[in-house]
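What follows is a set of notes on a single structure, which appears directly below.
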């Protein structure tokens, strides 16, 4: 329990630092006032706008105000859209999170079993084909995979929609596409596109770790104890393989959010990625700062989940002893 | 007396870059029921490979290329994997060098014990736990019942090797392959583990193939000694006679290179040179380039095994024809 509390404290600290960095960073991306006022605005108009936005206060004061407001869920108004940032993000976030989660689910659900299988059947032709395919999966750019999938499944076969999110259902403030057929159909191509790279990476790591564990002394000793191959492979080898694999899956979540910007552009997916691209072009500081804080929050939550997974998997973490972390 | 384990003309090859190198070359020995056979030699002499072959755990690129291994009169090197697996841990158990890495770090020692027990013996979970606790008590672990819930990292190296011994003895095997069981431990712990191993074997009549490079360990517990050099057996004999009067020049060299606490003024003897690698085999006797008493024929003819007293020696110096001629 104290472990969880300690981690939560760290999480808060990480969020503060992320907020500070993103806030500081965006002071240098351009003057938002320039974008908001017209060409003909006078200098006095500009100053008035600046004062109204609080942009001429001391930096630290601006930051304190930002954090204070953020705690109440208020991230200010978007310069570009003239709407509260919180509303904009709340509209878009479910689409991105569902996309990221489903693609990671596909990548993990297939990557770990396939990686383990290829490690155990190294000489099988299918294992070698999978390894070759995974190399392609790691090497192909995400947008290319997306375009190829659209061409094949949408244009040629006409099986799946090539853009949008399909029908969504609102549950509380959350709009989900997971409950309608059209929503699920729309999710397939983007989620696969986003997941291919992760799948290939997880497969390769799971295979490498499994091979290494299978060479470990305790596996040799387990064989000398006469245990059945199934028990050795799954009860002993697989569990020891999971620790580094879980770490990497956690780390890769960040990349999934980053790559989702590309996938959302290719599939016109109405998520945060599209919003952020527009915000960057406009130097929409409140929106960008809120986005970064949100991403940091996602990271922190995922890392917390990874740490809790360690506790479940590895007794050495529970007792506070050091554990090898591949990071 | 028929032997419990009989290794006959064992030959192990290791494939490297399409070529087969001979790691074990025509090795034959026997272990009687309840007997402790020490197998000594330098690193790379093939001691561990021999033990691994007996366990049927040779892995690519190593493979058994010849010879037979008989356990209790039954040939085991040709058994299929399932039959061999049923034998491992049940009839032939193993203890490996490093107790820190022999146990699964993510599983309690109780689970590892009961898992082994229930693989080989028809016991229900409660009976298996009972047996596991009794085994921990026998290997001298205090509060055994509580210790069942411990993970390996919560125990010291010596304690972990006791757990490994408990695992090895868990199904009352008739033979234990102990590969450097004390090498990774502190000297003070080594003696304890060795005493424990010997006591448990004597009590149960368990035979041991004790692989080590430590002549002190051999002198302490072995009934007989087999000396290996470059994948071959050079001398086999009762411990007492071998320690007192080794016949093979290599064995003598080994004896001379044991430090003697009471004679600190004498410089420690060494055997000059190093053992030939399997990828560069030596014709004739493998030891002849380093042998202080090598004959002309040693460089070209491989010595057969001669009987000298109670020992078997693979050396031309032991050839009765030559000795009678001299």
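Each residue, glycine too, has its Cβ placed from N, Cα and C.
Checking TrEMBL for transmembrane segment across the ranges A:167-186, A:187-206 points to A:187-206. Residue ranges A:77-98, A:99-120 are listed, and TrEMBL annotates A:99-120 among them as transmembrane segment. Counting only same-chain residues 6+ beyond the ends of the transmembrane segment (A:187-206), those with a CB under 8 A from a CB of the stretch are 98-100, 102-104, 106-108, 110-112, 114-116, 118-119, 130-131, 133-138, 140, 142, 145-146, 149-150, 153-154, 160-162, 165-166, 177-178, 241, 244-245, 248-249, 252, 255-256, 259-260, 263-264, 266-267, 269.
Note on the transmembrane segment (A:99-120): residues 127, 130-131, 178, 187, 190-196, 198-211, 214, 233, 238, 241-242, 245, 249, 252-253, 256-257, 260, 263-264, 269, 271 of its chain, located 6 or more positions outside it, place their CB under 8 angstroms from a CB of the stretch.
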